Amino acid sequence: MFRLNSLSALAELAVGSRWYHGGSQPTQIRRRLMMVAFLGASAVTASTGLLWKRALAESPPSANNIKSELGDKGKSKEEGEDCNAEKKAAGVCLEPYPEEKKKKRSGFRDRKVMEYENRIRAYSTPDKIFRYFATLKVISEHGESEVFMTPQDFVRSITPNEKQPEHLGLDQYTIKRFDGKKIAQEREKFADEGSIFYTLGECGLISFSDYIFLTTVLSTPQRNFEIAFKMFDLNGDGEVDMEEFEQVQSIIRSQTSMGMRHRDRSTTGNTLKSGLCSALTTYFFGADLKGKLTIKNFLEFQRKLQHDVLKLEFERHDPVDGRITERQFGGMLLAYSGVQSKKLTAMQKQLKKHFKEGKGLTFQEVENFFTFLKNINDVDTALSFYHMAGASLDKVTMQQVARTVAKVELSDHVCDVVFALFDCDGNGELSNKEFVSIMKQRLMRGLEKPKDMGFTRLMQAMWKCAQETAWDFALPKQ
């Protein structure tokens, strides 16, 4: 596309040059044409060079190459951090107490692999994301195979800086032969009883169709589903059948970044199946698929899904006595923030300074805060009212807004952690704009962002703008 645009630009320059030397136009118009041509060529050349360098810098190598090239560096760095046997025997290197042990830092190799995986999450197609983070391939009795995600794989696929297990990656899976009894017995390994994942058809495993649907549910506000259901509820009884639900699902999916990027790929087997094959559709409409689904039941499903995903995120931090540390909670809040690394490090240091010996947070405290975030748009409005009225946005105000808008109680300790992160100047008041913008990204888990680098869209916009500007300069309105 860029070559065609460049050739057409050069052709227009040639025409302009002949027009200029032909002397058939007034001098003023010829001067404007030459100025526009010169500025346009300079802008295209400069922008192309910068974008090309950026594309080269961000082009992801394969994960296998990263792991093989950086293996020696990672090993040498890890070996340097450990005490050798002689020092331990001499008592030079003492083992810390369990409560004093610090979390092992990510080595150079791990950081590079995580950066590559973050680019996959941000820019790749849903097909590639699924194939990279899925860990199971189940082979049926007839020899046919299908790839599945576990609930843990699903959470890892949408969470930045969560590294894929070693020896598993793109099209690399753990192979399991289909055995109905054996897989059913392993259901507890994949999902807890009572979890929404536990009710899925393949013993808590997630197929590609279910993966697309679950990401759509997580990235779509409740209000959008309410409107879509009302549009297709033709008789006004508040219920939709399977066919109407598939239309709702298709419309909602087409509005999400995942849905817009997806293309069925028969070569990999990752195609969106009809409702007849979906375990989730069976869950909604029963085994005979003749049931009805109400918006109330669907929103309850969305609430349970958000609860279960949050629970899995919480458990990934290995809670001690049912509590995670304040820094881990801060990491959950900032996971999808997009904040620059230097500022992110400064915010985490600020949190560490305030809570050197914190008591931690329970899952109930974490869940209450995320329930508060589900109403972030109303929270934004309420905080703006306080700001316009001249009231300070302190901890008491936040707790009052949570009670009024979300009907939940935020503990004093949760408010202390949030203010330690977002109280930039240390005056005990919240930085409202930054807090709301980061929390909106956290609520959507980054799933609403476009799955491309914007290079094509940028070049199209520049070309259109250059054409319009050239005509305005060359042929000014009389």
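In case you wondered, yes, glycine gets a Cβ from its N, Cα and C as well.
Annotation comment: Swiss-Prot describes 1-33 as transit peptide. According to Swiss-Prot, the region 'Disordered' annotation covers 61-85. Taken from Swiss-Prot, the feature compositional bias 'Basic and acidic residues' covers 69-85. Positions annotated as region 'Polybasic region' by Swiss-Prot: 101-112. Residues or ranges marked as region 'K/R-ring' in Swiss-Prot (evidence: similarity to another entry): 128-131, 261-265. Annotation comment: Swiss-Prot describes Asp233, Asn235, Asp237, Glu239, Glu244 as Ca(2+) 1 binding site, evidence class sequence analysis. What Swiss-Prot lists as domain 'EF-hand 2' is 410-445, and the listing cites sequence analysis. Residues or ranges marked as region 'C-helix region' by Swiss-Prot: 457-467.
Same-chain neighbours of the Ca(2+) 1 site beyond Asp233, Asn235, Asp237, Glu239, Glu244, judged by a C-beta within 8 angstroms of the site's C-beta center, are, in sequence order, Phe232, Leu234, Gly236, Gly238, Val240, Asp241, Lys292. Per DSSP, the secondary structure of the region 'C-helix region' (457-467) breaks down as 11 helix, 0 strand, 0 coil.
Using a 10 Å Cβ-Cβ cutoff, Glu239 (Ca(2+) 1 binding site) registers 17 neighbours. Remark: Asp233 (Ca(2+) 1 binding site) has Glu239, Val240, Glu244 as non-local neighbours, by Cβ distance under 8 Å and separation of at least 6 in sequence. In the three-state DSSP scheme, Asp233 (Ca(2+) 1 binding site) is classed as coil. In this structure, Glu239 (Ca(2+) 1 binding site) is part of a beta strand by DSSP. The number of other Cβ atoms within 10 Å of the Cβ belonging to Asn235 (Ca(2+) 1 binding site), over all protein chains shown, comes to 7.
Of all Cβ atoms in the protein chains displayed, 9 besides its own lie within 10 Å of the Cβ of Asp237 (Ca(2+) 1 binding site). Across the domain 'EF-hand 2' (410-445), DSSP classifies residues as 24 helix, 0 strand, 12 coil.
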